[in-house]
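Heads up, the thing below is written out as structure tokens.
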């Protein structure tokens with residue numbers, strides 16, 4: 001084992017990287033509430049794992065989506081557990097994200113010089129809510145269908161461009177296959193990619209600036 005370590009150490013100097021990661025100063029005022037962001041990240045990783053597992057069985061068509069979800073719940077080995085964990089961790093992720101935002105706001109973590117960290121965090125919050133909106137429609141049951149119809153119909157109140165925005169979201173004038181395809185693409189590819197990018201930026205900023213001090 002030491003030979004393997006020495007091989008990597010000689011080429012990558014991993015000990016220096018490990019020392020840098022483990023030697024970061026942690027302020028004495030930090031408590032359990034400062035773990036809310038990390039819990040949110042953990043929920044996101046659970047979402048990725050369980051969501052990836054379900055893509056092997058889910059079919060994003062208006063005629064097969066609901067049946068494929070039922071198949072996951074009843075016929076796939078531990079499918080009920082995978083989907084239930086996905087749903088529970090989604091709710092937990094939103095809750096932890098909200099509590100994290102409140103903690104940062106109440107402790108003044110958004111103030112100079114951490115404005116960019118706050119802005120990136122707000123973007124991540126919007127992405128998290130978008131996960132919920134897009135994922136809610138994927139079973140394509142009555143609840144999901146009407147939720148999509150209502151959510152995508154909201155921009156219609158915008159003057160001049162409202163109808164164009166609605167058509168852009170739905171993929172057509174009415175809710176249908178194009179809408180489900182777009183929401184599935186957003187939920188499984190676009191939003192996870194954006195989350196990964198902004199999370200990386202968020203962590204690098206925190207790493208650079210450190211944790212904010214007490215009030």
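In case you wondered, yes, glycine gets a Cβ from its N, Cα and C as well.
What Swiss-Prot records for 32-52, 90-110, 116-136, 186-206 is transmembrane segment. The heme c binding site feature in Swiss-Prot is assigned to 35. According to Swiss-Prot, the heme b 2 binding site annotation covers 86, 187. What Swiss-Prot records for 100, 202 is heme b 1 binding site, and it gives sequence analysis as the kind of evidence.
Neighbour density for residue 100 (heme b 1 binding site): within 10 A of its CB lie 23 other CB atoms from the protein chains shown. For the transmembrane segment (116-136), the residues of the chain that approach it from at least six positions outside its boundaries are 40, 47, 90, 93-94, 97, 100-101, 104, 109-110, 143-144, 147-148, 151, 183-184, 186-187, 191, 194-195, 198-199, 201-202, 205-206, 209, judged by C-beta separation under 8 angstroms. Cα separation, residue 100 (heme b 1 binding site) to residue 86 (heme b 2 binding site), rounded: 20 Å. Sequence-distant neighbours of the transmembrane segment (32-52) (same chain, 6+ residues past either end, Cβ-Cβ under 8 Å): 82-83, 85-86, 89-90, 92-93, 96-97, 99-100, 103, 128, 131, 188, 192, 195, 199, 211. Within the set of binding-site residues 86, 187, 202, the entry lying nearest in space to residue 35 (heme c binding site) is 202 (CA atoms). For residue 86 (heme b 2 binding site) paired with residue 202 (heme b 1 binding site), the C-alpha to C-alpha distance reads 24 Å. Here the C-alpha separation of residue 202 (heme b 1 binding site) and residue 187 (heme b 2 binding site) works out to 21 Å.
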